[in-house]
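For H53, H55, H110, D127, the entry in Swiss-Prot reads Zn(2+) 1 binding site, with the evidence type sequence analysis. Residues annotated as Zn(2+) 2 binding site in Swiss-Prot, with sequence analysis given as evidence: D57, H58, D127, H165.
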Amino acid sequence: MNLNSIPAFDDNYIWVLNDEAGRCLIVDPGDAEPVLNAIAANNWQPEAIFLTHHHHDHVGGVKELVEKFPQIVVYGPQETQDKGTTQVVKDGETAFVLGHEFSVIATPGHTLGHICYFSKPYLFCGDTLFSGGCGRLFEGTASQMYQSLNKLSALPDDTLVCCAHEYTLSNMKFALSILPHDLSINDYYRKVKELRAKNQITLPVILKNERQINVFLRTEDIDLINVINEETLLQQPEERFAWLRSKKDRF
């Protein structure tokens with residue numbers, strides 16, 4: 001299968017997987033126009049849409065795409081049922097698309113019903129995990145998001161993390177503010193800065209590398225613990241995650 005990213009709005013990415021026959025899967029189409037343009041340019045035949053959550057910049061293009069291609073099956077969590085979803089899926093279930101099984105993983109935090117889709121090596125994680133960061137807590141709690149990130153971090157090392165936004169540079173600036181002397185973070189920041197200076201995409205990322213540079217996945221890391229302990233003593237990794245998320249919200 002081939003993985004494609006379609007830019008939308010200011011910083012969204014709509015992901016498309018296509019097979020050799022031209023059948024394709026579309027993930028979180030917030031805007032129909034760039035997707036329709038890509039379909040026409042590549043002669044794709046849309047088979048399915050995956051929705052991760054109900055926010056408009058992820059679902060806004062569904063109606064127009066389904067009108068154009070009525071055969072499309074739209075998978076999504078319960079919270080997207082009024083956004084065009086025709087097949088509601090939940091944690092532990094699978095979606096069989098393009099000849100592959102995609103596992104559905106519940107990842108509450110950004111929204112209460114947020115889900116991710118995984119079929120090795122592809123992880124479509126919406127607004128749960130970003131490179132160098134994680135989603136804001138609009139509906140869920142820090143505890144929920146911490147548990148959700150733990151689920152994703154436990155996936156295989158070679159997982160390709162397909163996030164829905166180009167937030168990597170700002171996330172790495174935050175990471176440097178927390179761990180300014182970390183070699184992995186500094187190296188990755190320089191790489192990302194160069195890519196963005198050329199207006200190039202920083203995604204997808206390999207999960208093994210992401211675990212090294214994403215402070216939200218390093219809550220049991222001794223260097224991070226020492227930094228947090230300079231300000232406040234927090235015994236549990238979940239508490240350290242909440243501290244980080246609060247810091248990022250104000251960054």
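Backbone N, Cα and C atoms are what each Cβ position is placed from, and that goes for glycine too.
Keep in mind that this is a model prediction, so the values were computed, not measured.
If you check the binding-site residues H53, H55, H110, D127 against H165 (Zn(2+) 2 binding site), the ones with a Cα inside 10 Å of its Cα are D127. In the three-state DSSP classification, H58 (Zn(2+) 2 binding site) falls within a helix. Other Cβ atoms within 10 Å of the Cβ of D57 (Zn(2+) 2 binding site) number 19 in total over all chains. In sequence order, N12, D28, P29, G30, L51, T52, G126, D127, A164 are the residues of the chain that are 6 or more apart from H58 (Zn(2+) 2 binding site) and have a CB within less than 8 Å of its CB.
Summary: among the binding-site residues (H53, H55, H110, H165), the fewest other C-beta atoms within 10 A of the C-beta are counted at H165. Cβ-based neighbour count (10 Å, all protein chains) for D127 (Zn(2+) 1 binding site) stands at 26. Separation of the C-alpha atoms of H110 (Zn(2+) 1 binding site) and D57 (Zn(2+) 2 binding site): 14 Å, rounded to the nearest whole number. Residues H53, H55, H110, D127 make up the record's Zn(2+) 1 site, and a Cβ search at 8 Å around their centroid adds T52, H54, H58, T111, H114, G126, T128, G135, F138, A164 from the same chain.
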